Amino acid sequence: LGASRLGPSPGCLAVASAAKLGSVYTEGGFVEGVNKKLSLFGDSIDIFKGIPFAAAPKALEKPERHPGWQGTLKAKSFKKRCLQATLTQDSTYGNEDCLYLNIWVPQGRKEVSHDLPVMIWIYGGAFLMGASQGANFLSNYLYDGEEIATRGNVIVVTFNYRVGPLGFLSTGDSNLPGNYGLWDQHMAIAWVKRNIEAFGGDPDNITLFGESAGGASVSLQTLSPYNKGLIKRAISQSGVGLCPWAIQQDPLFWAKRIAEKVGCPVDDTSKMAGCLKITDPRALTLAYKLPLGSTEYPKLHYLSFVPVIDGDFIPDDPVNLYANAADVDYIAGTNDMDGHLFVGMDVPAINSNKQDVTEEDFYKLVSGLTVTKGLRGANATYEVYTEPWAQDSSQETRKKTMVDLETDILFLIPTKIAVAQHKSHAKSANTYTYLFSQPSRMPIYPKWMGADHADDLQYVFGKPFATPLGYRAQDRTVSKAMIAYWTNFARTGDPNTGHSTVPANWDPYTLEDDNYLEINKQMDSNSMKLHLRTNYLQFWTQTYQALPTVTSAGASLLPPEDNSQASPVPPADNSGAPTEPSAGDSEVAQMPVVIGF
């Protein structure tokens, strides 16, 4: 009777039994996750959700170590995201107590895993939104680490960090130095370094990877002196610390605007800081709104609460900090139409077959993106980018040019500079770069569409395998390749060698060849390419850079309230001087942050 109650005899169970972690001892106490069986053959994955890596943070203060807990912490469900505005920006969701991480550990049959490479994910979302688990599709979270962990045989960690004003508000001095979200990220990385061995990870083989604001965060973490010895490798997808949106040059301007909205003093930063720290954090979060309608300047200028050069976590302009990353293997790359998401907000006609874009539309976009160099900057940029229009001025060509412009400024050129900087400072470290060009799967987009911003995420996280109904065989091909490159790199520092086979050899980047891997569904020996948009790189780094600056990068340009300002017009024949957006009475902090939904 007893045996029948217990089910099959132990002998039958032996086939299905798998190694699993059970209760794990960490610095805070014991944690227990869930072991999920993956096959009849005994493969499984241990999943821990919601382990605290820091104490509940105090508003606008650095995070502190967690005091620990009694008994065993049941780590079985995702914690809420950090407090942030909803997409409609009229209310908040999430919690102030949000500094938790999640861990996926792949297990074989015989013994629990040990010495596995560790991959820590940093989400994007303009430093304004986002969560460790990402959006939920078909009851599968975007940043679920299972596919990467099991296919690449690596441990995957995701975590929350503070965003928006609570993560990045700064007075630009010691009263509110800012970068709280970056300190949160650092705390998570340091916690993993100290504790991951108990989960079967190799604390000396940690790879950071992230996209958009997360890619820029990865970059900034490798450049900060505080992470010396913590990070072995890093991958930045569509975002580096040199992107114009990744550093706020005039944080006090935006801090004052928040202070005014919530009724705090603005003339004394010490009093302002004291007042802001005791203000309802929900009110602080809602005091900033990203304008979603039509705006005087490109959206780039309104992304305000982002990292700052604080002289501490980021001791200098990031371009000068690459010696700190000399021993970190690095991959950085972009999507071929990363700028499309932003042009779609700045010039909605771009996505409509029925609407044309004019030379004036393009010139206005150029002017808004070249404010620091004034009229000469706008005219020089307009001339370089419209040169191909002499042969072909079709709507498709014009719209693609607009996408190229924002892709270049916001993503590609900064990434190319970052890769060159890394390479020229690297000692033993490897450098690789890529261009992701698998066309967007959004049916509403134009037929000329390439890979939009954030299109790479679904492939890196294995969605074509996790939710196969929504995908085709070719999508699984792309996903398999990306997971193979990413996890091989995490294991060995070389994307070609490790646990998985790859479809094409990815050569290390050299300054001479300016070589990169093009990633899409058709990969073979021709996938390595040379000199991506080199003439545009030269334009931005030499010609444009040499022009006199008319408003400093920190100058705040406030768009006129009544929108009465004359629109800029393109030069007719290089003689007509176009009216320039007035910088004097205007307001947008120069180039800050980006969105990776």
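Glycine residues also receive a Cβ, built from the backbone N, Cα and C atoms like all the rest.
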Cysteine of Cys243, Cys275 paired with Cys264 via disulfide, per Swiss-Prot: Cys275
Under 8 Å by Cβ from Cys82 (disulfide bond), same chain, sequence gap 6 or more: Gly94, Asn95, Glu96, Cys98, Leu99, Ala131, Asn160, Tyr161, Arg162, Val163, Leu166, Gly167
Spatially closest candidate among Asn205, Cys264, Cys275, Asn379, His453, the listed recorded positions, to Asp338 (active site, charge relay system) (Cα to Cα): His453
For the recorded positions Asn205, Ser212, Asn379, the one whose C-beta sees the most other C-beta atoms within 10 angstroms: Ser212
Cα-proximity to His453 (active site, charge relay system), 10 Å cut-off, over recorded positions Asn205, Ser212, Cys264, Cys275, Asn379: Ser212
Which listed residue (Cys264, Cys275) has most other Cβ within 10 Å, given these are disulfide-bonded residues: Cys264
Number of Cβ atoms other than its own within 10 Å, given for Asp338 (active site, charge relay system): 32
Assigned element (helix, strand, coil) containing Cys275 (disulfide bond), judged by DSSP: helix
